[in-house]
Amino acid sequence: MLQLNGTVFMPSVLTLIGIPGLESVQFWIGIPFCAMCIIALFGNFLILVIIKSERSLHEPMYLFLAMLGVTDIALSTCILSKLLGIFWFHSAEIYFDACLFQMWLIHTFQCTESGTVALDRYVAICDPLRHAAIFTHKLLTQIGVGVTLRAGVLIALCLILIKCRLKHYRTTVVSHSFCEHMAIVKLAAEDTRINKIYGLFVAFIILGFDIIFITLSYIRIFITVFKLPQKEARLKAFNTCIAHICVFLVFYLLGFFSSFTHRFGFHIPSYIHILLSNLYLLVPPFLNPIVYGVKTKQIRDRVSKIFHLKDAS
């Protein structure tokens, strides 16, 4: 690494310190984080196996769930090894280009998950009777590719701006447990306004539009639920919606909290920010198999059947 005027020119290696201020207890923090990742991987993989093996589940609703499961598995996989390497084995160093690649993977999968949930919720709620007719297998494939490309291309431009514009860095120590866009940009000793503005643009153009779709969907379903004549039917509908809304709020509120804290949250302790950023990545893949899978009757029955067969044997 070439040192120039107290800055580092084009660093080849960065150091991820994990959770600033909590380095002494990171070993113990890694235990629940690891448990959440393992449950997320197992739960999503189980749902994928059930959907693949059960022909009656080869319908748009469940194929969307399978797309969500693949995204959650990919997201959990790309953060788990490095996260535990930092917490448990003090393996903090990462090549600069590898860090950028991890950043691209994480943000791409986050945005892909957001787009998948938004489209599924909007059509399933606003046009449920035509859900299967609208989403043919061909259209589902096109949507999957489109949502992934939307995220991949927009996030790739973040990498290009970092590589082309930011050459000098004040430090190579990243106060984070994974490679995140603003955590890297803040290391630079040069003008980063364009990088910050583009990062906000991506957040609003992807997450903002997705939130609008999901919010409109739930406003419409609440209007419909209030019109139901039977109290029991209303409570059952609310029970299903509340679980989905909780995951929705965790995903988007933590996402915007992390994004705005990097830019404006100077008085928020860094360990709180980084802990919540980690939960932003870990909680949705952990909860999705429960909320979208186990609470779906057809999948729940299939899971029960699998485990009852194991008990019988």
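Backbone N, Cα and C atoms are what each Cβ position is placed from, and that goes for glycine too.
The transmembrane segment feature in TrEMBL is assigned to 27-51 (among others).
The feature domain 'G-protein coupled receptors family 1 profile' is assigned by TrEMBL to 43-292.
Positions annotated as transmembrane segment by TrEMBL: 63-88 (among others).
Counting only same-chain residues 6+ beyond the ends of the transmembrane segment (139-162), those with a CB under 8 A from a CB of the stretch are 60, 63-64, 67, 100, 103-104, 107-112, 115-116, 119, 181, 184-185, 194-195, 198-199, 202, 205-206. The transmembrane segment annotation in TrEMBL covers 139-162 (among others).
Positions annotated as transmembrane segment by TrEMBL: 197-223 (among others). Note on the transmembrane segment (197-223): residues 111, 114-115, 117-119, 121-122, 124-126, 150-151, 154-155, 157-158, 161, 181-182, 185, 237, 241, 245, 248, 252, 255-256, 259, 263 of its chain, located 6 or more positions outside it, place their CB under 8 angstroms from a CB of the stretch.
TrEMBL lists 235-257 (among others) with the feature transmembrane segment.
Sequence-distant contacts of the transmembrane segment (264-283) (same chain, at least 6 residues past either end, Cβ-Cβ under 8 Å): 18-22, 29, 33, 36-37, 40, 75-76, 79, 83, 106, 110, 175-178, 180, 250-251, 254-255, 257-258. Residues annotated as transmembrane segment in TrEMBL: 264-283 (among others).
Along the domain 'G-protein coupled receptors family 1 profile' (43-292), the predicted structure has mean pLDDT 85.
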